[in-house]
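Database features (TrEMBL):
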type: DOMAIN; residues: C:6-78; note: domain 'Glycine transporter'
type: DOMAIN; residues: C:91-163; note: domain 'Glycine transporter'
type: TRANSMEM; residues: C:64-83; note: transmembrane segment
type: TRANSMEM; residues: C:90-109; note: transmembrane segment
type: TRANSMEM; residues: C:115-136; note: transmembrane segment
type: TRANSMEM; residues: C:148-168; note: transmembrane segment
type: TRANSMEM; residues: C:174-193; note: transmembrane segment
């Protein structure tokens, strides 16, 4: 119940960030709805396809898809205001990340998959929506070189899994994961915490063409 | 029977537009076949994966895949002529769009999915082939900022669903949807009808970096 | 047994080429692990999703996913050495290509799919990992305009299928396919064998806008 409410807030906020990205690419209303929906429910969709978990959430509950499309269109009308309140969005997005991660972990746990896969399901659910958005809008995915994001999803998934494994009541587990994950994510944005970057440049003229050609 | 014939015409035409896009990127024959097939049967593939509708059409009927590969290779030999007849292609592509939409809607209806999902299935089938083509060829997807395309698929899906729902005979429903959808699409190309564009530029120096970093 | 050993060598080598590509894009550790894993096990994942073959290999055997993530991280520490040994990588990558193709073909044969689909499964398994890597890293996929790669997978798949069909013992079939496929691939790199390129430029001012706008 709590999770469902937070989930709806999360997909609405994510859909709005997707719509803004579409607007930067001058897309039409269909593009706005597509990118908004991919951002908001793409992570769960990729997770379900990878796990073979059918029917997909939005196929079983089309109202979620309707929400993301409407949130996208709504954003086209209020875009300047959205930017003004961008700090609110950072908070909502952080909340959404943890909610998505918890839901992803639970889906995999219900399928009785191994711990690593449960945590991967949390990360995929939390992260792939933004990844899809950036691929469609043709920008280098932010999640791959910005502040802690996937790492927070990983941590939240691991914490949720461990607490459930040790039979902590579900409500306590959910709330504790939400509070800790949210705090870590907001701190990461605030203080610019990030994973180490791997920069690799080939030195000299010795272009390893053959290596490069390996698909 | 009529639909199957039109479907084969549709995937052939779509495969040829995909091959031309591959040629603009100087791909080799494999790339040509890949892009041709993704353009022609990618929409149905994405639909079937999203709905969990297995086996995929071309896995059950590999001849469709053979057709799209051969149409792609054939295009490499006749590319200049293809361009000369581009008006024919616009017509075939418009026909294909409606045929794909009808087939997509029917698949979802056979699975007894909700009306919204049936119409979404129509749009995905009609639109995602071109979307995949543009992603592989690294150009901003045309469908997201050009004339009415997804909207026509949406309308065709909705019309087909409604007529079937009200028990209009299937042949009449199919022909009516084909005629109306085709006419609207051709008119959209002719008169440049399009959905409103959402342009969003961030104003001033207040770069909402945090917002941007939300994956 | 032989195949499993070679498979682990193959995914390790592929993960390392993926990590180098991520390093060229200045990704963080998560990005490195993502691109490494997509490169190494993305081909099999796409094949299983297309064929509806669940659970996915790495969901059933998470240790493969752990290997690719660790290989990716390891690469960040030894990148300069990796480049120095790039010829070794070309060999490992060529071996991996054939191993992946054989495994892909076998999965489809176990599902009793048609010959064409078995060979397509070989190609998808061999090729799509590199394709995903290049899409995420936003470069035009190498496989679409470089030396014979997909063609070698196609040939290996066809050879394996034909020998199994004619009841050649599996060990002999596997070894023969490995030797022939590996030799052809290495020769293709050495001598620059490639498929014909399809270059297509629109001539004159007669921009076929309508054609271009077909999604």
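Using N, Cα and C of the backbone, Cβ positions are placed for all residues, glycine too.
Note that the coordinates shown come from a computational prediction; the quantities given were computed from them, not determined experimentally.
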**Message:** I'm checking region-level scores; what's the whole-number mean pLDDT for the domain 'Glycine transporter' (C:6-78)?
**Reply:** 94
**Message:** When you look at the transmembrane segment (C:90-109) alongside the transmembrane segment (C:148-168), do they share 3+ Cβ pairs under 8 Å, ignoring any pair fewer than 6 residues apart in sequence?
**Reply:** yes
**Message:** I'm a bit unsure how to read this: which one of C:64-83, C:90-109, C:174-193 has the highest number of Cβ pairs shorter than 8 Å with the transmembrane segment (C:115-136)?
**Reply:** C:90-109
**Prompt:** Any chance the transmembrane segment (C:90-109) and the transmembrane segment (C:174-193) are in contact, meaning at least three CB pairs closer than 8 A with a sequence separation of 6+?
**Reply:** yes
**Fill in**
Given the transmembrane segment (C:174-193), its same-chain partners at Cβ distance under 8 Å and 6+ residues beyond its ends are 2-3, 6, 90-91, 94-95, 97-99, 101-102, 147-149, 152, 155-156, 159-160, 163, 168
**the domain 'Glycine transporter' (C:6-78), counted residue by residue under DSSP: helix, strand, coil** = 63 helix, 1 strand, 9 coil
**Prompt:** Can you count helix, strand and coil residues in the domain 'Glycine transporter' (C:91-163) using DSSP?
**Reply:** 59 helix, 1 strand, 13 coil
